[in-house]
Each structure stands twice: as C-alpha cells, then as structure tokens.
C-alpha cells in the first residue's frame, strides 16, 4: 500500500473539524448580522446609544455668510459620498475563508495530513477573527445599573468630603500604581496582537511568489510555502526583522518580501545557496525604509 494514501480515521477526524469550522463560521456570521441590525433598518435598543447622545441639540440656525456656491459644493460632496463603496466585513471574511479553503485543498492534494494542515488553518482563521472581530464587552444588566445608581446618590457626608477634596490637592500615588500595573499587563497583550497580525498577513500571501536576486546575476522566485515551515515558526523568526513591531503598532502593511528573505536566510539552506546575500540585504533595507515611511503616513 502506498504511503501517500490517507488513513480513513484521519479523514473522519478532518471532516469533524471541518464541520466544527462551518459551525464557527455560521456563529460568527450570526453575531455580525445581529451587530449590524441597525444598518438593515431593524429597531435597536436605545440603551445601546453612547452616553451623552441625549445632550446633543439640533440647531436650525443657518450662517448668513454662507454663499450659494458653498451649498452646491457641499451637496456635490454629499452626493459623492453616497456612491462610495461601503466596507462589508462579512463579505471580506467570506473571501478570506474562500482563500483559506483553496489553500487547504491544495495542501491535501499534495498528500499532507489533514490534522497537521487543519491545525495550521485553524490558527490562521482564529487570528483573523480576533484581529478583525474583537469580542464586544457584555452589556450591563439591570442589577448592575441599579447598583451604579445607588452608588451615585450623594449624601451629606460625601458632599463634605468632596468639598474638602476640591480645596486640598489629591495625592497621585494610586494613579502611579495603576499606571505601573497597566504597563505590566500590556506587554502580553501586545505580544499576542503582534503575532496575530504577522500570522494574518503572512497567511494571506502564503503562496505568493516574490522576486529575489540570485548568485547568477539574475532573479529567482520564492514564497513562504517553499520554506516548508509551520506558520507559528515563521512568525517567531519573522519577529526578528527590525522595525516590524513599530509597523504593526501603526497599523501598516508588513514588508513581506523582506520578512521572507530574512526567514529564508535563517532557516533554508537551499535559499542561501540560490540568493545573492549582498544584494538581498540591500533589497531588504529598501523594503523596510519604504514600508516604514508609508506606515507613518
């Protein structure tokens, strides 16, 4: 029997994982639909509005110094805004799932096991969902609202203490302690967000080929798939590229060709045998400079 055949137990396990993934996609779609109910013309609860909306006032006063030309320009701008394409996160997520499914099928056709491939794909889907659809905080219950209302009722003792606190400077030691506590917790969240964003952008271009200078004074094509590494390992090595964390913090696109060259030099003997390292270092520096400038803008 050929070693390339897939065991039936692996197929059953893979089908079960795919069914679970479908249920997860349906759940995410349902949550998105409920979250966008107000865009579909469905009524929504007034409690969901931000605080301070009730304080807004609509003024009927029109500036007398406004010329008719200004009104026409404003109308034209409003008309152009109406024809602008609205970003739909559901369709973007569906496109991402289609690309991920194509990648999964291509890996299975090459003879890779479903367990290994699905674990990698599931991490990519999880990072995409966490980066694009962060969980919403739970709504306060009526009991919490009642407790907050009771706490806000001032009595005479509180009024006296507030009056004294206004006349005397308040100590800032608790604020410093809270700030220190927050700075101790932020690094773990930042590390997770950094790895998720790198994994997301690498997964989107996993099979895309990039041009690299070869030792024979020409070029050759290479992609992340040819590294034959897990996505987690690629992310860990790519984090060593200088300036990557700053680009992610500014929400810019990552220099994927530079990252691919860096990971290839660190892990792939075949890549090192093909590439002209002097030209590659210059190319990587140019990519870093260009993407750093674009992320600042």
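Just so it is clear, glycine is given a Cβ too, placed from its N, Cα and C backbone atoms.
Annotation source Swiss-Prot lists motif 'Nuclear export signal' at 49-58. The region 'Disordered' feature in Swiss-Prot is assigned to 57-83, 153-176. Under the heading compositional bias 'Polar residues', Swiss-Prot lists 57-69. The phosphoserine annotation in Swiss-Prot covers 64, 207, 268 and rests on similarity to another entry. Taken from Swiss-Prot, the feature compositional bias 'Acidic residues' covers 71-83. Summarising the annotation, Swiss-Prot assigns motif 'Nuclear localization signal' to 208-211 and lists similarity to another entry as the type of evidence.
When pLDDT is averaged over the motif 'Nuclear localization signal' (208-211), the result is 92. Just so you know, of the modified residues 207, 268, the Cβ with the fewest other Cβ atoms around it within 10 Å is the one at 207. Put simply, residue 207 (phosphoserine) is 17 Å from residue 268 (phosphoserine) when counted between their Cα atoms.
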